[in-house]
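> My structure is below; once you've seen it, I'll send some questions.
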Amino acid sequence: MKLILLLLVSCIVVLSYASHQNYPGTSTRPILSDWEASQYTESNYLNGWSPETINTWQADYTVGSGKQYSSIQEAVNAAIWAGGSTRKYIRIETGTYKETVYIPSTSVPITLYGGGGSPDDVQIVLSLSAQTTGTEYTNIVNPNWQRYKSGDPAYSMFEKCYQSATIGTSCSSVVWIKADNVQVANVKFENPSTAAQAVAVQTNGDKTHFENVHFYGFQDTLYLHAGKAYLNNVIIKGDVDFIFGSATAIFKNSQIIGRADRPRTSALMFAPSTDPNNSYGFLVVNCQLSAESKVASSTGLRLARAWDSGVSSGQYVPGVSPNGQLIIRDSSIAKGLNVNAPYQTSTSGRAFSTSTSSSRNLNDNNHNRFWEYNNSGDSA
Ligand SMILES: *[C@@H]1O[C@H](CO)[C@@H](O)[C@H](O)[C@H]1NC(C)=O
Ligand SMILES: *[C@@H]1O[C@H](CO)[C@@H](O)[C@H](O)[C@H]1NC(C)=O
């Protein structure tokens, strides 16, 4: 009797912990061992950079109605014109700002922060998509040619976009950060366009730090194009490839949400395009991954596909083409995930492939570089 009870109890325990997180995982969902996971640390991704606490009390420039500047771009221009290597703090007062913000490459370290109690109090929102025409773009982004004038620090960024027939993914960015050492806190960025790829924020600079920031969009919401980025305590919402690019980035203590209100019944979170020689692409740690309820339960959500940037269909070359790298660890994954096939075929048509061998090389570019470790939740 005792034995039967014991068997019954252990059976229930096994059933209620039907986790997919056991090493080495499967051919569609590979899982790291403790030893393999030990190299995927914050310090290996950051490689000598330690993001500082973002100071949100100093204000060298203030933006808001009735303040020193009415647009964020004007304050950014002023900080760059001031020059030097001392950090310049731009405080943005509560409100909705319908403008692009371009931070070109500069030696001036810039901090942008919202002065409200929550990120949603300071919204930077504009609807632009890859299909927006150069003429529409000019009318929206540079009305009366007053916001970007020849000679302004960011004029060349505007100039590269406005002459195109349709502006393309990069130029759809509402906020575009090319400078190194930019810090951003307490704001919400949104690109509400559902017409095509529509980027809310693009980063090309090194050491970009986001703290307590919301990123809302649909396809291609957050473009971490190059350099290193550190995102702590953020919310990122989108539906297709909504966190993508070649950067090395850490997502920590954050919420990543697949949205269904386009409407869509599926969502795909990450599309990294990491250099094949870079072992550190995207590290997701202590995050909550979820999908809105209309994303088809148990099949609608995918974690990632490799963005083989610049590679035509069937032309992937191991070690030469980019090969997205992604670790999702110590996080919760709520229901909605296709638990048996969380990774999709790459953009150049490579079927997802991995190794479950005990002697596997985690950076073998003949395979994908997507791994999970120690996740919890309904889909873990
Ligand atoms: C990666 O490194 C190898 C060896 O140094 C080099 O031959 C190759 O061009 C590099 N690949 C890329 C995409 O930089
Ligand atoms: C597993 O993840 C949890 C957070 O969900 C964390 O507290 C714990 O330390 C992790 N365990 C290991 C072995 O890393």
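Yeah, the Cβs are placed from backbone N, Cα and C, and that goes for glycine too.
As annotated by TrEMBL, active site applies to D241. The compositional bias 'Low complexity' annotation in TrEMBL covers 345-359. What TrEMBL records for 168-298 is domain 'Pectinesterase catalytic'. Sequence annotations record features per position, and here TrEMBL assigns region 'Disordered' to 345-380. Annotation comment: TrEMBL describes 1-18 as signal peptide.
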> Six or more residues beyond either end and a Cβ under 8 Å away: which residues meet both conditions relative to the region 'Disordered' (345-380)?
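Residues 19-21, 24-32, 36-37, 40, 271, 274, 276, 279, 281, 288-289, 301, 303-309, 311-316, 318-319, 321, 323-337, 339.
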> Run through the compositional bias 'Low complexity' (345-359) and tell me, per DSSP, how many residues are helix, strand and coil.
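With helix first, then strand, then coil, the compositional bias 'Low complexity' (345-359) has 0 helix, 0 strand, 15 coil.
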> Over the span of the domain 'Pectinesterase catalytic' (168-298), how high is the average pLDDT in this prediction?
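The predicted confidence over the domain 'Pectinesterase catalytic' (168-298), as a mean pLDDT, is 97.
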> Tally of helix, strand and coil residues over the domain 'Pectinesterase catalytic' (168-298) according to DSSP?
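Summed by class, the stretch gives 4 helix, 59 strand, 68 coil.
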